[in-house]
Amino acid sequence: EEKSEEMSTNLKYLSLGILVFQTTSLVLTMRYSRTLKGEGPRYLSSTAVVIAELLKILACVLLVYKDSKCNLRTLNRVLHDEILNKPMETLKLAIPSGIYTLQNNLLYVALSNLDAATYQVTYQLKILTTALFSVSMLSKKLGVYQWLSLVILMTGVAFVQVNINRSGSQFVGLAAVLIACFSSGFAGVYFEKILKETKQSVWIRNIQLGFFGSIFGLMGVYIYDGEQLSKNGFFQGYNKLTWVVVVLQALGGLVIAAVIKYADNILKGFATSLSIILSTLISYFWLQDFVPTSVFFFGAVLVIAATFLYGYDPKPAGNPIKA
């Protein structure tokens, strides 16, 4: 029993470490890849979103294959039974999938116009939008600590915005993050609702999400970048860094699924906070596109505190807290 407890603790911290690494490196590589001055055309972010979805499907199919005891016939049957034979169940995921695709495209817009540190702190507003959608759609009850943390979160994010230039590209970046926060909150709660209503595995659900995400993504490519595409092709401007961004984005959803499985909200808050601190330091020292002010620093501290407070669950005295 001790061994299994130790194993689950190790998995907890491993999934946590991977989440910190994935969140921080995705934001920084995405920012770097969108601002890097290179030869020829820059890669189209709309195509990067599609490739990330396809990679996610591939990863999830491999995970279902592993769950099927590495038997191709079983894998085929599971995919057939769970996806093709349940068209209405599969169609339900078209809504969150479309919203996630929009959100993934918005994040590229945001990081093309905002430094990584400001983006990371502002994007934490998704805690607020998720909480509000949870209350309205899942009838969740929030405790005093959670409401308090949401007020602190909004205050912190407001402080971080103080130095943002209200005209020009920074404002475009800010608008993109705010829309992404709302879409993230709604899609996340909608997805949670679907997961709770059915017995399908998270990996099957992610294959369904990825399927619709690829379709919506391709529509986006042709609507927004059709002209560029016909000139220079689908993979224009791709380099090693672009592929790193794409792989990190594909891993994102899967890492979060693993963290939800093995870790709790407090650890997730801890990972988020570490990620904000790392992004700020790397933005300042390495990318050199950000100079923190005392107001930003104060706002970031409030956001980190709010993240912890939101996951805090006071247990009644005399009841030992189980890790």
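Please read every residue number as a count from 1 along the shown chain.
From the backbone N, Cα and C atoms, a Cβ is placed for every residue, glycine too.
Because the structure is a prediction, the values reported are computed rather than measured.
Away from its own ends, the transmembrane segment (13-32) comes close to residues 107-108, 111, 115-116, 119-120, 241, 244-245, 248-249, 251-252, 255-256, 258-259, 261-263, 267-268, 270-272, 274-275, 278-279, 282-283, 286-287, 289 of its chain (Cβ-Cβ under 8 Å, at least six residues beyond either end). According to TrEMBL, the transmembrane segment annotation covers 13-32 (among others).
Here TrEMBL flags 44-65 (among others) as transmembrane segment.
Sequence annotations record features per position, and here TrEMBL assigns transmembrane segment to 144-164 (among others).
Positions annotated as transmembrane segment by TrEMBL: 170-191 (among others).
When Cβ-Cβ distances below 8 Å are used as the criterion, the transmembrane segment (203-223) is approached by residues 44, 46-47, 49-50, 53-54, 56-57, 60-61, 63-64, 67, 78-79, 82-83, 90, 93-94, 96-98, 100-102, 104-105, 191, 194-195, 229, 234, 253-254, 257 of the same chain, each at least six residues removed from its ends. Sequence annotations record features per position, and here TrEMBL assigns transmembrane segment to 203-223 (among others).
The feature transmembrane segment is assigned by TrEMBL to 243-263 (among others).
According to TrEMBL, the feature transmembrane segment maps to 270-287 (among others).
Annotation comment: TrEMBL describes 293-312 (among others) as transmembrane segment. Under 8 Å from some Cβ of the transmembrane segment (293-312) lie the Cβ atoms of residues 117-118, 121, 124, 127, 131, 145-146, 148-150, 152-153, 155-163, 264-270, 272-273, 276-277, 280, all in the same chain and six or more residues away from its ends.
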What same-chain residues lie close to the transmembrane segment (170-191): Cβ under 8 Å, and 6 or more beyond its ends? 93, 95-96, 99-100, 102-103, 106-107, 109-114, 118-119, 122-123, 125-126, 128-134, 137-138, 161, 164, 205, 209
Taking residues 6+ outside the transmembrane segment (144-164), which of them lie with a CB under 8 Å of any CB in it? 118, 121-122, 124-125, 127-128, 131, 170-171, 174, 293, 295-296, 298-310, 312, 314
Within-chain partners of the transmembrane segment (270-287) [C-beta distance under 8 Å, separation at least 6 from its ends]: 16, 19-20, 23-24, 27-28, 31-32, 35, 115-117, 119-121, 124, 259, 263, 300, 303-304, 307-308
